[in-house]
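Listed in Swiss-Prot for this protein:
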type: ACT_SITE; residues: Asp602; note: active site, proton acceptor
type: BINDING; residues: Cys184, Cys187, His206, Cys209; note: Zn(2+) 2 binding site
type: BINDING; residues: Val487, Gly488, Ser489, Gly490, Ser491, Phe492, Gly493, Thr494, Val495, Lys507; note: ATP binding site
type: COMPBIAS; residues: 258-273; note: compositional bias 'Polar residues'
type: COMPBIAS; residues: 291-301; note: compositional bias 'Polar residues'
type: COMPBIAS; residues: 338-348; note: compositional bias 'Basic and acidic residues'
type: COMPBIAS; residues: 406-421; note: compositional bias 'Polar residues'
type: COMPBIAS; residues: 453-462; note: compositional bias 'Basic and acidic residues'
type: DOMAIN; residues: 85-161; note: domain 'RBD'
type: DOMAIN; residues: 481-748; note: domain 'Protein kinase'
type: REGION; residues: 1-79; note: region 'Disordered'
type: REGION; residues: 258-315; note: region 'Disordered'
type: REGION; residues: 338-358; note: region 'Disordered'
type: REGION; residues: 383-472; note: region 'Disordered'
type: ZN_FING; residues: 170-217; note: zinc finger
Amino acid sequence: MSRINFKKSSASTTPTSPHCPSPRLISLPRCASSSIDRKDQASPMASPSTPLYPKHSDSLHSLSGHHSAGGAGTSDKEPPKFKYKMIMVHLPFDQHSRVEVRPGETARDAISKLLKKRNITPQLCHVNASSDPKQESIELSLTMEEIASRLPGNELWVHSEYLNTVSSIKHAIVRRTFIPPKSCDVCNNPIWMMGFRCEFCQFKFHQRCSSFAPLYCDLLQSVPKNEDLVKELFGIASQVEGPDRSVAEIVLANLAPTSGQSPAATPDSSHPDLTSIKRTGGVKRHPMAVSPQNETSQLSPSGPYPRDRSSSAPNINAINDEATVQHNQRILDALEAQRLEEESRDKTGSLLSTQARHRPHFQSGHILSGARMNRLHPLVDCTPLGSNSPSSTCSSPPGGLIGQPTLGQSPNVSGSTTSSLVAAHLHTLPLTPPQSAPPQKISPGFFRNRSRSPGERLDAQRPRPPQKPHHEDWEILPNEFIIQYKVGSGSFGTVYRGEFFGTVAIKKLNVVDPTPSQMAAFKNEVAVLKKTRHLNVLLFMGWVREPEIAIITQWCEGSSLYRHIHVQEPRVEFEMGAIIDILKQVSLGMNYLHSKNIIHRDLKTNNIFLMDDMSTVKIGDFGLATVKTKWTVNGGQQQQQPTGSILWMAPEVIRMQDDNPYTPQSDVYSFGICMYEILSSHLPYSNINNRDQILFMVGRGYLRPDRSKIRHDTPKSMLKLYDNCIMFDRNERPVFGEVLERLRDIILPKLTRSQSAPNVLHLDSQYSVMDAVMRSQMLSWSYIPPATAKTPQSAAAAAAANKKAYYNVYGLI
């Protein structure tokens, strides 16, 4: 690659474009109010070729073929023809993109769009024509056409020494056990036991908060542990020009993990906020004095310093600077007034006067009540003068003061006193204690807040919210629903129409004084029922414990299949296509229930509902084996008795010879009886009135429904399916998945065969004129040999043959 020559530019004082706001860097989550977002000042960390911040003419360079002393005459030349229509741009963090060379678009606008899409701050970057960041930068005020015409290749590099040092796009997340619990940096709630943490940036979060974790890894959190990173940051800070250079070096010196004090980290800097805290003569030491009066004053929460943790460590919380205390007190009072004002808006919907409210006097170490702060949503720390822990030392100015306007000051004054980088990170970095203090863990906040004393933990005057009465999951309280009227009763309970956020069906179960084991089994079944969601299954909405055990399900606006077949007048004669569709939907719903290990145990036409549109089928009253099981005591042992509707009961259920006769095949048998009802419009065994006789004969396999009552247009494949569903041996019955496939394979004829006899004309009657004409045509079509056509016997035989052929064609014989 040939060396590129650069030239100075005189048009570099162009103001920042208002259409290119500076985006917030993801890896710096606490810089919402930093000075980086200011458009009227250039960041001291910005390169001379920063995409959004052009500098003076002596710091911008332009690409040119030769270094010329004067720039006169350049406007008279024609715009150069560019060689490349697309330019490859290499971005930080090993990213790359392509930029289209558009006429009139400057390089600053084009490259800034790429950086903003990736949430990279353009002020912290500079652009080179080489992969070496030490090479001279290009002038971004030039158009992309001019740059493309002078580039030896179609590549540009965007470098940022600062981002490469303090940020990374790769977290080192590991699973951690937090004992004691730590606060999540996303939701600020405690992490109980198991959680996740990045080993680089120390970002902690719950598993449920993983989607809100920052994309970039902020390596500044590891500054107190990494000496190499501190050296690199000192090198970057040395490149900062102007009054902000000393501020950056002071902050970095206080964060450095070295035992000695850095020469740059002196409190005698020119910054007014830094000089307000003096190390010499600014700290009062309060030794511990054990006395009743001292103990009373220490345990009182109203005192300025309630309690010291150790008698060997000095109390460094008292700062002998009254002006600074008053200054911070004004800030805290203003913040408290703002908080009370916002609370008044939330409660009344209008702005209430807060001047008459009592503003509490903040003591050292008291945090603004109600303020929650984490690394994603930072707030101003209200600790006025540093850490309140007796084992830590405040080596840096308080957060929220540098780079922010104080009361009575203009924003311009505060904006010129700090660098954008320092203001963005100052209140997010932990402090490092000196050698005299015991070691402590790094806190994610700027200050390590002192834990409260026992007398401070509870506030007797604070109103506590009333506790909500406890009830189990999906349990509905008696005052939350209304019973309207009775709908009907069945084998296991009575159904009512009711109101529970809409019309519902409330079924009171026939259960009296359930035992603890039965109640536990009932809750387990409810836990399964609440997970059922299917188009052909009634929606389970909850259960009721008192005054009677009941379940609440979806209300079906329609009638049961039993009423459509046997009760309503005139009776509904379903077409064969509608019958197949109903049976398909029942098979779909039952196949879904069996996939959830739910046995219906009482499938019948009374529990199959047709909606008002007559096209949707719903299955109800499923599951609840505990309620549908009846136990009797015989010889000191419990024996299970069959319960349910005997007409739909499978033979093995009637016999009760197995420990658990209820299987998916027993539901298939009940489905076969439902098929018989809808195909014959009759109940099975209607000619037998003795209930015990039906139980005995069906249980032994001597009795089956009368197949002769089934309608004659039933396809043979459906008849075969019906026979398989009501087989005596349950192992020979299909499952509902197979039943569904066989129903889908049934093909109905497009034309329906007529069941009435045709009007056949007798041969000895007089034919009509039309019959005579057609008979003559048939005679003319027949082939008669010439030798035999002359004889009358042959002619009569031919006519008789034609008549037979005529009637065979029209189906009359």
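Cβ coordinates are placed from backbone N, Cα and C, and glycine is handled just like the others.
All features noted in Swiss-Prot, drawn onto the structure.
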residue	record	Cβ neighbours (10 Å)
Cys184	Zn(2+) 2 binding site	23
Cys187	Zn(2+) 2 binding site	17
His206	Zn(2+) 2 binding site	18
Cys209	Zn(2+) 2 binding site	18
Val487	ATP binding site	14
Ser489	ATP binding site	13
Gly493	ATP binding site	21
Val495	ATP binding site	18
Asp602	active site, proton acceptor	24
Average pLDDT across the domain 'RBD' (85-161), rounded to a whole number: 81
Rounded Cα separation (Å) that holds between Val487 (ATP binding site) and Cys184 (Zn(2+) 2 binding site): 53
Collapsed DSSP category at Cys209 (Zn(2+) 2 binding site): coil
Zn(2+) 2 site shell beyond Cys184, Cys187, His206, Cys209, criterion: Cβ within 8 Å of Cβ centroid: Asp185, Val186, Asn188, Asn189, Ile191, Phe205, Arg208, Phe212
Residues in the zinc finger (170-217) grouped by DSSP into helix, strand and remaining coil: 3 helix, 23 strand, 22 coil
DSSP residue counts for the domain 'RBD' (85-161), split into helix, strand and coil: 22 helix, 23 strand, 32 coil
Integer Cα-Cα distance in angstrom, Val495 (ATP binding site) to His206 (Zn(2+) 2 binding site): 45
Between Asp602 (active site, proton acceptor) and Cys187 (Zn(2+) 2 binding site): CA-CA distance (Å): 49
Alpha-carbon spacing, Cys209 (Zn(2+) 2 binding site) to Asp602 (active site, proton acceptor), which is rounded to whole Å: 45
Distance from Gly493 (ATP binding site) back to Cys184 (Zn(2+) 2 binding site), taken between C-alpha atoms, in Å: 50
